[in-house]
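A short write-up of the structure that comes next.
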Amino acid sequence: MAGEEPYPRKILQYMEGFLVSKTLFCACELGVFEHLQGSQSSASDLALALGCSEDGIERLLNTCVSLELLTANTDPHGAVLYSNTEMSSMFLLKSSPRSLCQSIEYSSRTIYLCWHYLSDAVREGKNQYEKAFGVNSKDLFEAMYRSDEEMVKFMHLMNSIWNICGRDVITAFDLSPFRCICDLGGCSGALAKQCVSAFPESTVTIFDLPKVVRTSQQHFVSNQDERICFCEGDFFKDELPQADLYILARILHDWTDQRSVELLAKIYQSCRPGGGVLLVEALLYEDNSGPLTAQLYSLNMLVQTEGRERKASDYSRLLSAAGFTHIQIHNTGKIYDAILAHK
């Protein structure tokens, strides 16, 4: 309307966005969704069960209803009963195969703390592990895996991501011609499981640091996963196993262009003739206008790693510099995209 005072709606939404994140983090940490699994409860009963104040839990529950994480219904006696939504039951219960609980915990206790120093990261152009956690980040993964507990949290994060997103990127191309596959930095093995499920004639070797391999064998990959095996090593320092295809899923975004080309060139040398490399990353638009998720991830790479998110043309340049040709780009329309290049 003419003469109406401008109202900074979007700025206020952005300013208060962290309140939404913390509400989700809090509800997960307190066990709200777990307690409501398959049932409904009043605020007073939930407060008693979770050891919370009734006033505090009621405010939290009502906010979760507005966020469409919970539903609220009034029973014949006038009591308000809360229950999980279908989305919460699928993604916010620890027992769900598509659970994001571990990702949420890692975001709350690790990423969120790093982002406290985003301004410093922008000014200095480097990650903020030393300020956030008091650890030297000269060796990036020594900093990220600064304790066994922190390493397991990160592995659960990656596990939950690939349980949800892995199928889309693994099936972006027909990988059936590649019978021997090596997943570099394969972490928990979730993407390897997606790979052998989609391409039953293939075998996958997970190549990762020794302590990651041991943890994966103990907690994530069972003896029933017969077509998955392990190889211990540092992909910058140690010899790589020969393979028809190498997978780098959310690996190159951790590293500078120089180190990325170094790794890709090493893969090229180890790759069998006719083989290739599959990159899985969140791709930026060519004009840098988005997508917002990838732009935010790139800021996260600034506060946490040595790397950045890149455009498809950037990855094509890195692959070409390492000797790879016939580069194909597949945009999935979701968070992660896939790039296949051949030797």
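The first residue you see is number 1, and the count goes up from there.
Here the Cβ of each residue, glycine as well, is placed from N, Cα and C on the backbone.
Predicted automatically and left uncurated, TrEMBL annotations should be read as such.
H253 (active site, proton acceptor) counts 24 other C-beta atoms within 10 Å of its own C-beta, drawing on all protein chains shown. If you look up TrEMBL, you'll see H253 marked as active site, proton acceptor.
Residues or ranges marked as domain 'O-methyltransferase dimerisation' by TrEMBL: 12-92. Note on the domain 'O-methyltransferase dimerisation' (12-92): its mean pLDDT in the predicted model is 96.
If you look up TrEMBL, you'll see 115-324 marked as domain 'O-methyltransferase C-terminal'.
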